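Take a look at the structure below.
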Amino acid sequence: DGQVSRPGCRLCPAFALYSFCAVPVMCTSISSLFPEKCDEALATPLPHNAFTSSSVFSSGYAAGYAKLNKRGGAGGWSPLDSDHYQWLQVDLGSRKQVTAIATQGRYSSSDWTTRYRLLYSDTGRNWKPYHQDGNIWAFAGNSNTESVVRHDLQHAIVAQYLRIVPLDWSGEGRIGLRIEIYGCPYWADVINFDGQGVISYRFKMKKMKILKDVIALKFKTSESEGVILHGEGQQGDYITLELKKAKLVLQINLGSNQYGSILGHTSVTSGSLLDDHHWHSVVIERYRRNVNFTLDRHTQHFRTNGEFDHLDLDYELSFGGMPYSGKPSTGNRKNFKGCMEGINYNGDNITDLARRKKLDTSSFRNLSFSCVESHTSPVFFNATSFLELPGRSDHEVASVSFQFRTWNPSGLLLFSPLADGTLEVGLSEGKVSVHINVTQKKNTRIDISSGSGLHDGQWHDVRFLAKENFAMLTIDGDEASAVRTNTPIQIKTGDSYYFGAPIQRSFQGCMQLIHVDDQLADLHAVEQGKLGSFENVSLDMCAIIDRCMPNHCEHGGRCTQTWDSFSCTCDGTGYSGATCHTSIYEQSCEAYKHLGKTSDTYWIDPDGSGPLGPFRVNCNMTEDMVWTTVMNNLPPQTSVTGSSRERRTVLQLNYSASMDQVSAITSSAEHCEQHVAYSCRMSRLLNTPEGTPYTWWIGKGSEKHFYWGGSGPGIQKCACGIERNCTDPKYYCNCDADQKQWREDSGLLVYKEHLPVNQVAVGDTNRPGSEAKLTVGPLRCQGDRNYWNAASFNTPSSYLHFSTFQGETSADISFYFKTSAPYGVFLENLGNTDFIRLELKSPTVVSFSFDVGNGPVELAVRSLAPLNDDQWHRVSAERNVKEAVLQLDQQYREVRPAPSQGHTRLELYSQLYVGAAGGQKGFLGCIRSLKMNGVTLDLEERAKVTPGVKPGCSGHCTSYGMYCRNGGKCIEKYNGYSCDCTSTAYDGTFCTKDVGGFFEAGTLVKYNFMPENTAAVASKDTKGLSRNVAPEGNLTREDLAFSFSTSSAPSILVYISSRTQDYMAVTLVTPCPSLTGTLQIRYNLGGLQEPFTIDVDQRNLANGQPHTVNITRVDRNIQLQLDHYPPVSYALPDASDTQINLVKTLFLGKVFETGQIDPVLIEKYNTPGFVGCLSRVQFNGIAPLKAALRSRIAAPVSVQGKLVESNCGASPLTIPPMSAATDPWHLDSAGADFPFNEERVIPDGVNRNSAIIGGVIAVVIFTILCTLVFLIRYMFRHKGTYHTNEAKGVESADNADAAIIGHDPNFSETIDESKKEWFI
């Protein structure tokens, strides 16, 4: 010990140092009212009898010997018993300002105090414990007898009496103490307000226009309501400071505008529990609309509503209540009852003026300049406390009343054993409940309850009366709502009443004005042991703390509390965490893209934990950039008439986000734009070339702009003036030609510092025939520089430095890092003893450590995989008064609750170092998107001027390449990455958008693997071969994937031809009249007399539903997967060859080929061709359908017929999967019968045999018709080696489609039906 503890803020003046510099014009300080030095020894000069104590071990240990460094008597004070009921008290003789306290053990002994509390009071009654960091503070004491431990108080206190309560002491001896108190004299004029009198401060002028105010005062009261000051003017201006429910409310109105649309009323609430009859200091500083409102060192900064700067008051400002000339509507407000001191208004000492009778005090009955103290004695109960008071026994009337205040919703307030039962008064869910059990003769129980929400920290009055056949419970004196019961009951009281009895649910809170049998309990007699008994009760003190004031729940989180702690409800705020500090949304559309999200509407929060709330934007993720769109409410082509230069029409635009939120987007964006269009008829726009503009627009910062879309700042031109193509070359805008025809000036505004457009003032539409129509598009911004703001640390000694991190009670840090080094410090900031540090401690451990004065705390998360893998990892850390949290990669997380007692403020003084800690264990690698309390640090800008650090960082694909799906290739960019989908069958930001097309009858897609002039033998020149085809043009492996949907069969889906007889085909066939649309795969690789055929499924796939097919062949092994079913393996016969020789062409939809073609395919499946949708077709690394639909892709592909892009073949399957028991695809159900179609069940009463016979006849007729059709087509088929998909019945047809339509007059109807089906 012997060291000065963590220093607080030594405040010499009673009001501390209040300075207000909202604008440079005003900087007021009232610290000059008090001396600068306040560090005198106050206890040593005091006489012996100024020291008193709870008890004395013997006369040599008396309290008067407890002076620092003195050896009188036994060398200090020691009590008779060393327990928690002992105290040492000092009377300073008069009120003093106390700034520090120092302690020693008893001289030359084993007696010292290791921990203690400090209480203070003006009267020696109604003690107040010293608070610090939101708690009743426990000071660290001594560890030996001679070392002095001094504590500078974080905030000064004013008191005449100090009481030191030992909490812990030497384990080798007993309590021993010597003390010194440091401070200085204190004096202030005091006025006692009796609830009737009001002090009127008359102005020198009847009407005052006040631009700035400084009001300072201190008050104490036992009342929860009362007006402290009030002033008003006839124009509606007013200022009022008053107590409401023991909270301080400041109301200011500088005036509303003449239309009443902008209201000036502003109300701000501060503090709570202010009816504790202790002094509270208030300072109100106003300059124009800027206000600082300070209560007990807690300052709120705000701006008043409205648009005026002056406070217009008439006649006077009244202190202590409303003036008698006040408005009738304000007459129901109570006047202040209590004491005020040091009232100061704009430099005038009001209390001194009142003492010298310079002010009107005629309303006082008896004006007193001394404070009348309260006679109530509160009692403080903790979880193990009780207070036992005697009562009249064997009495037939039970009468108890008391006041209580608590934060806990439940607790036992009173327990009394009756002569023949029990009486309980408790708090349950915020209600007071009374339970009476009488066991005489027969058991009788009475339960009554009253009140609600009584755990709000306010004083509540409870009165209970029970006598023969009657019981009544009254809460807060409300007789009208008193609860009565007329249940027959006869009670006889016991002789004891236990308040706060800890036998069940203990009561934590305060009580006062305790009456038993209509007699006020004498708590001083209890304290002296003359009456009743108590345990762990603090008499003459109410140590209640409002843990929700100030509110640590951020961003609108709702604070609730118990006696020991508070909690925050963050529902609906957009934030999470113990204090609603951390945003649950990403900072930008760019961040959503890199989580793998696609274009949609998202909530973003650009400043994270900062003051800006989340808002919704449209995110458009394209292949190479991300666009953020913010909409406005101006309808397109808004008509404007009747405006002139003298009376312009102003169109106000409101956006889906506030201006601050929009500014956050534009400031971080790489580029922003907003399209504007002005359609005109005899309506001039900018009045070019040299006139004064008729129309202008107002952007960010409320600045007027005289340029239009397509132009730039300072250039009074439209787009046509820049491009020199205006309708009339004499003007720089089309509209400025003032023509009678409709003209338009439009273009993009791209100077993002001016965006968005907030207003447009139109000024030339009042002439006959003149009219204008205005369109202002949404604001569109691209990129997020904050998200990609990065720096590369190249040497262990390199670092970046920034200003000190300000995160006293709430701090969050988040960033991305990537490294190949095993360790390194990410960042560090130091104070005297406090610090905060984030580091990579090992290849798998990230550490977050800090010290706020309670000793170092370290949180560590361990990753299962190494973190030095040169991939991006995300770290986020948060510390607040409730807990500390460390999270890694949204996966690993550690939470550490804050101690219930101790320091909470993080006080840092050094610069913030990023990339190193004082040159030790420097970080090697990249850090990106470093945010601290919602502010992004500009690493790139600082890195440009720092040796050993480079701006930016490469290698984003190592971390984000996984988002490029379906074979998409990740392409590195300076700020991020993009996905190259060229070689895939997909499009979109992440190569996940299906590319497909609708095939009408006769449509085909042809993809050539080899040029047409390639010889029939293997050529050595392989330049014409497509990628992934073997150099010699032979295939021993095929990977084919596609999806389709159709309602017609038979048809050819995919056909791969060769310059030999080899081929591969995927078709939909009709194996029998009763079953259509079965999938069939055919391989003809040579060596077999017939093609190897796989009939995939005995079900109709031509059912209009999308189906997915994946086929892979490696040599003889074939694996096939259909839809969501498991893959099935097949094998080519041993006699079959294993390669497609000289692969030539891939066809989709139908075949149009010369050479040797399987006649079965042509005859059965090729006419009229596939009708339906094909999508995401990929064969051995090529995407033929995508190549056909994308003209920008250079590929040997051609289309015949009409092909319309559509992804209808890739829509989700809308029919549920079949169960395994009835699914013919399922291998275990190969022998299962097909389920019958319930829609075709014949109703009872119909002859089932007749139905069967009819069905057989229908099948026979259908078979005959099919045979006739086949014979007719066979007769007309042209013989030869040139096989085509044309129907040869119409000689005059121009193409295959025309031939099909001409041959089948009903086919056009079929096509129309198909179109209707697929384009719904």
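Cβ coordinates are placed from backbone N, Cα and C, and glycine is handled just like the others.
Per TrEMBL, the feature disulfide bond maps to CYS926-CYS953.
TrEMBL lists 38-184 with the feature domain 'F5/8 type C'. Helix, strand and coil counts from DSSP across the domain 'F5/8 type C' (38-184) read 9 helix, 71 strand, 67 coil.
What TrEMBL lists as domain 'Laminin G' is 190-371 (among others). Confidence over the domain 'Laminin G' (190-371), given as mean pLDDT on the 0 to 100 scale, stands at 87.
What TrEMBL lists as domain 'Laminin G' is 376-542 (among others).
The domain 'EGF-like' annotation in TrEMBL covers 544-581 (among others). Here the domain 'EGF-like' (544-581) has Cβ contacts under 8 Å with residues 131, 134-136, 247, 270-273, 276, 298, 380, 405-408, 457, 508-510, 603, 605, 609, 613-614, 809-810, 812, 878, 880-883, 885, 900 of the same chain, all six or more residues outside its ends.
For 580-632, the entry in TrEMBL reads domain 'Fibrinogen C-terminal'.
Per TrEMBL, the feature domain 'Laminin G' maps to 789-953 (among others).
The feature domain 'EGF-like' is assigned by TrEMBL to 954-992 (among others).
As annotated by TrEMBL, domain 'Laminin G' applies to 1006-1208 (among others).
Look at TrEMBL and you will find 1251-1272 tagged as transmembrane segment.
For the disulfide-bonded residues CYS926, CYS953, the ranking by surrounding Cβ atoms (within 10 Å, all protein chains) places CYS953 first. Using a Cβ-Cβ cut-off under 8 Å and counting only residues 6 or more beyond its ends in the same chain, the domain 'EGF-like' (954-992) has close neighbours at 590, 593-594, 596, 598-599, 621-624, 670, 783, 785, 788, 818, 870-872, 926, 1027, 1041-1042, 1176-1178, 1181-1183, 1185-1186, 1193. In this chain, the domain 'Laminin G' (190-371) lies close to the domain 'F5/8 type C' (38-184): three or more C-beta pairs between them fall below 8 angstroms, excluding pairs fewer than 6 positions apart.
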